[in-house]
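Asks: Here it is: the structure, laid out below.
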Amino acid sequence: MAERFDRIWHNARLATMRADRPDLGEIEHGLIAARGGHIVYAGAAADFPADADAIKRIDCAGRWITPGLVDCHTHLVYGGNRAHEFELRLKGASYEEIARAGGGIVSTVAATRKASEAELVASALPRLDALIGEGATTVEIKSGYGLDAETEMRQLAAARSLGRQRPVAIRTSFLGAHALPPEADGDKDRYIDLVCKEMLPAVAKAGLADAVDTFMEGIAFSAGQTARVFETARGLGLPVKLHADQLSNLGGAALAAKFSALSADHLEHTDEAGAAAMAKAGTVAVLLPGAFYFIRETQKPPVESFRKHGVHMALASDCNPGSSPLTSLLLAMNMGATLFRMTVAECLAGVTREGAHALGVLDETGTLEAGKWCDLAIWDIERPAELVYRIGFNPLHRRVWRGQ
């Protein structure tokens, strides 16, 4: 009796992105079969049973299929609008001047605290829709603009709600240690006490976070303060991530590695020792060219060092109101190639396989292979390099999430 599937996509070219295959894992004459939302077969059409049946067969007319895209670092949920600050900066105002005038992250925190969960969801939906419209099937969303227990949890609840309102997998990260709230009066240690003793336990009890993130930087939190957050997270059974070495080298990459972090992100100032430590720990480097571009950074992340040591590299939008108002993984790939000199294969892996790796969900998505969710992006392109090469162009033909 012939095997029956829910859907079969045939007459397709596949970029499987499997790590055990060279380059993009291309299959020129490929086919994908799915059942129950999962891939059952992804491979050469010639090796697939000719008598296989399906409820629906889709002729892809020679189009390319990649895994659905993964944006592994975003701050999609927030209140307010900081476009006016962009205008001020173009007129010569510094970050410090804007902050003293009540702008910067303080303004986003104030607006986020005032917003209801429904308002946060409504403002984030267009940003999420933009990512979905370019083939994203998994999106990570951080808190970090509440800086008090109530608002941080409201941000995370809003992120979870987005996943119920759209066909997309949402992964949430608690980023309570993002900045110091105004009411802390400059006392970082006291605020970290609040994060570790009140916020994190409440977030964990509510099941609102898949991971815990921290911003370790001179303008944010120290290595010791970060370690306290990570130790608390570990005690609660939550994996960790780190905003590391963006503006200076405080040893963030090495600290992330010490705690076996899923990822260390930004990394413009990471040194050789940090890269080696990340490789040994299996911590993914998440590169964020949108922020590099938007704040006109000049120090590039050490891509050659990451290659040398075998550090896995992901790319993400870092969508946020202050330093990367970017909602395009296609543009993030072009920036990764143009600004960081990443290869086409590295860029495509960065928003598929390695993005999933950075979220700890590589066993579920990120490549085209049997057993994973049937998350696909089908493209009107002649070759996969076009996804990285072209600017301001969206060749997505169809997006498939969990087989639908």
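For all residues, glycine too, the Cβ spot is worked out from N, Cα and C.
Quick paste of what Swiss-Prot says about this protein:
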| type | residues | note |
| --- | --- | --- |
| BINDING | H73, H75, H243, D318 | Zn(2+) binding site |
| BINDING | H73, H75, H243, D318 | Fe(3+) binding site |
| BINDING | R82, Y145, H178, Q246, S323 | 4-imidazolone-5-propanoate binding site |
| BINDING | Y145, N320, G322 | N-formimidoyl-L-glutamate binding site |
Asks: Return the residues near S323 (4-imidazolone-5-propanoate binding site), defined as same-chain residues 6+ apart in sequence whose C-beta is under 8 angstroms from its C-beta, sorted by sequence, else 'none'.
Replies: A291, F294, I295
Asks: Including all protein chains shown, what's the count of other C-beta atoms within 10 A of the C-beta of Q246 (4-imidazolone-5-propanoate binding site)?
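Replies: Here the count is 27.
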Asks: In terms of Cα spacing, which of the binding-site residues R82, Y145, Q246, N320 are within 10 angstroms of H75 (Zn(2+) binding site)?
Replies: Y145, N320
Asks: Within 8 Å of the centroid of the Cβ atoms of H73, H75, H243, D318, which other residues of that chain place their own Cβ, given that this set defines the recorded Fe(3+) site?
Replies: T74, K142, D265, H266, L288, A291, A316, C319, N320, S324
Asks: Checking your reading of the structure: which of the binding-site residues H73, H243, D318, G322 lie inside a 10 Å Cα sphere centred on R82 (4-imidazolone-5-propanoate binding site)?
Replies: G322
Asks: Taking the Cβ of Y145 (4-imidazolone-5-propanoate binding site) as the centre, how many other Cβ atoms fall within a 10 Å radius?
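Replies: There are 28 of them.
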Asks: Report the residues of the chain - excluding Y145, N320, G322 - with C-beta within 8 Å of the mean position of the site's C-beta atoms, for the recorded N-formimidoyl-L-glutamate site, in sequence order.
Replies: H75, Y78, R82, I105, T108, G144, P321, S323
Asks: Should H243 (Zn(2+) binding site) be counted as helix, strand, or coil on the basis of DSSP?
Replies: strand
Asks: To the nearest Å, how far is the Cα of Q246 (4-imidazolone-5-propanoate binding site) from the Cα of H73 (Zn(2+) binding site)?
Replies: 14
Asks: To the nearest whole angstrom, what is the C-alpha distance linking D318 (Zn(2+) binding site) and H178 (4-imidazolone-5-propanoate binding site)?
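Replies: The Cα atom of D318 (Zn(2+) binding site) is 14 Å away from the Cα atom of H178 (4-imidazolone-5-propanoate binding site).
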Asks: Could you measure between H243 (Zn(2+) binding site) and H178 (4-imidazolone-5-propanoate binding site) for me? Cα positions, answer in whole angstrom.
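Replies: So the alpha carbons of H243 (Zn(2+) binding site) and H178 (4-imidazolone-5-propanoate binding site) sit roughly 9 Å from each other.
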